[in-house]
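**Student:** Got a structure for you, written out below as structure tokens; questions coming shortly.
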Amino acid sequence: MIRGKVFYKGEFVEAGIEVENGRIKRIGKLVEGKEVKGVILPAGIDVHVHLRDFAEKRKETIETGTLSALHGGICLVVDQPNTKPPVDDAETYFRRMGKAEKSVYVDYALNLALTNSNHGKIGSIMRKISERYFVPAVGEVFIQHDSEDLQIDYETLSSVYKRFEGVVFTIHAEDPAYVARGSPNFVFRRREAEVLAVERLVELGKFHFCHISTKDSAKEILNSNSTYEVTPHHMLLSVEDYGRLGNLVNVNPPLREREDVEWLFRNFHRIDVLASDHAPHTLEDKEAGASGFPGVETMYPLFVNLASKGYISFKTLVEKIASNPARIFGFKGYGEIEVGNYANFAVFDLKKVDEIRAERLHSKCGWTPFEGFEAVFPDKVYLRGKELLENEMKAGNVLKKRV
């Protein structure tokens, strides 16, 4: 049992939390417990991470990626299946989950890839996997990708989507007509690529759009029944950072002009999900032009600092990083500090403002685009009532069947 300033039902209250068998039994002013310093927030959910491993384990592994998530106040990550090899069949899915079962510091779920090799049999693949594991979504589906097998055209996506009522499809929306194949440089990935793809896709169905980076795309989705996520780097960095970061700046979709960046941040309350798109590469690979940023460890701390300073509200932050991801992807028992839910929370001392330094982070890639940014990292992280940070305990679970 712990006591402190708990974020409960949309506001902070002085209360205690009693935990039994990993779940919250009671919350109230009369509940006794160990007093903690700072605010007690729901632990975050990052629905978009690329934990590499397999043939790219020199960049990141499931073990190092989930350790990084733990230190960032995240209790559950959703890994993307565009690995090498891609997770587009049951055997590869089971192999990756078996690897995760032995090594995760936080809870772990894995999406299923939609490829040109598997789209005709994805139903049977999904049924086989679902006998053992909970699959949050099909995706991230790439409308544009350097791999011909991973690049799915609109017609194929529409055909598959219509066969799977109730399944979440997550989309990387960049129209291939506007993207130079094989080039990660932002000059060749025009903002029109995202806008055009979103305009077409919202007419085809209800999707969850990954890493939206332009105001026009966001407005289009807001007028539909789809949902979308935005990354910290698309709200806190811009093309102006190219001079500071050099080749490190490469990311898909690319960093945008200040107009888009400022609109997304001003409208943070209107987005559905805050997700990191944690996509680590070594410095050597980045210098060679690889696209992607690490971010699972810095996302929550960056935005806790912004909330502490009044730029955003804690209510909005908790919605975007915890309760909305749980609702959209069906993670029952996650996302809110509430009786019956898992006792997953993070304690942040708002007076402990640090500067982000790569050498203190835990991702295997060894760098961050947010070097020198102010952040508030968690002092304690609880997963099903166990405090994990002090001893870096591997207490995570893989999500089995339906949560």
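Keep in mind that glycine also has a Cβ here, set from the backbone N, Cα and C atoms.
Quick caveat, the model's predicted, so the values are computed rather than measured.
Here Swiss-Prot flags H48, H50, E140, D277 as Zn(2+) 1 binding site. Residues or ranges marked as substrate binding site in Swiss-Prot: H50, L51, R52, N82, H281. If you look up Swiss-Prot, you'll see E140, H172, H211 marked as Zn(2+) 2 binding site. For D277, the entry in Swiss-Prot reads active site.
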**Student:** Determine, from DSSP, whether E140 (Zn(2+) 1 binding site) sits in helix, strand or coil.
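**Tutor:** SS state of E140 (Zn(2+) 1 binding site) = strand.
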**Student:** Fill in the CA-CA distance, L51 (substrate binding site) to H211 (Zn(2+) 2 binding site), as an integer in Å.
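**Tutor:** Taking the Cα atoms only, L51 (substrate binding site) lies 17 Å from H211 (Zn(2+) 2 binding site).
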**Student:** Would you say which of the binding-site residues H48, H281 has the most Cβ atoms within 10 Å of its own Cβ?
**Tutor:** H48
**Student:** Any idea which of the binding-site residues R52, H211 has the thinnest Cβ neighbourhood at 10 Å?
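**Tutor:** Each of the binding-site residues R52, H211 was scored; lowest Cβ tally within 10 Å is H211.
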**Student:** Identify, in sequence order, the residues in the chain of N82 (substrate binding site) that are 6 or more apart from it along the sequence and have a CB within less than 8 Å of its CB; answer 'none' if there are none.
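**Tutor:** Those within reach of N82 (substrate binding site), by Cβ under 8 Å and sequence separation of 6 or more, are H50, A113, E140, F142, H145, L150.
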**Student:** Taking E140, D277 as the binding-site residues to compare, which has the smallest set of other Cβ atoms within 10 Å?
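**Tutor:** Per-residue Cβ counts within 10 Å for the binding-site residues E140, D277 bottom out at E140.
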**Student:** If you compare CA-to-CA distances from H281 (substrate binding site) to each of the binding-site residues H48, H172, H211, which comes out shortest?
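**Tutor:** The answer is H48.
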**Student:** What other residues of this chain sit with their CB within 8 A of the center of the CB atoms of E140, H172, H211, the recorded Zn(2+) 2 site?
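**Tutor:** These residues sit around the Zn(2+) 2 site: H48, Q80, G139, F142, T170, I171, A173, F209, C210, D277.
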**Student:** Where the distance is taken from Cα to Cα, which of the binding-site residues H172, H211, D277 turns out closest to R52 (substrate binding site)?
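**Tutor:** Nearest by Cα distance to R52 (substrate binding site): D277.
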**Student:** Which residues, sitting 6 or more apart from H172 (Zn(2+) 2 binding site) on the same chain, put a CB under 8 Å from its CB?
**Tutor:** G139, E140, V141, F142, I143, Q144, H145, C210, H211, N252
**Student:** Using the Cβ centroid of H48, H50, E140, D277 as the reference point for the Zn(2+) 1 site, which residues of the same chain not in that list have Cβ within 8 Å?
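**Tutor:** Here the non-site neighbours turn out to be V49, Q80, C210, H211, A275, S276, H278, A279.
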**Student:** Can you give me the residues near the recorded substrate site, meaning same chain, not H50, L51, R52, N82, H281 themselves, Cβ no more than 8 Å from the center of the site's Cβ atoms?
**Tutor:** V49, D53, E56, K59, E60, Q80, T83, H278, A279, P280, G292
**Student:** Which value in Å gives the longest Cα to Cα span across the substrate site residues H50, L51, R52, N82, H281 as recorded?
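**Tutor:** Per the listed residues, the maximum Cα distance equals 14 Å.
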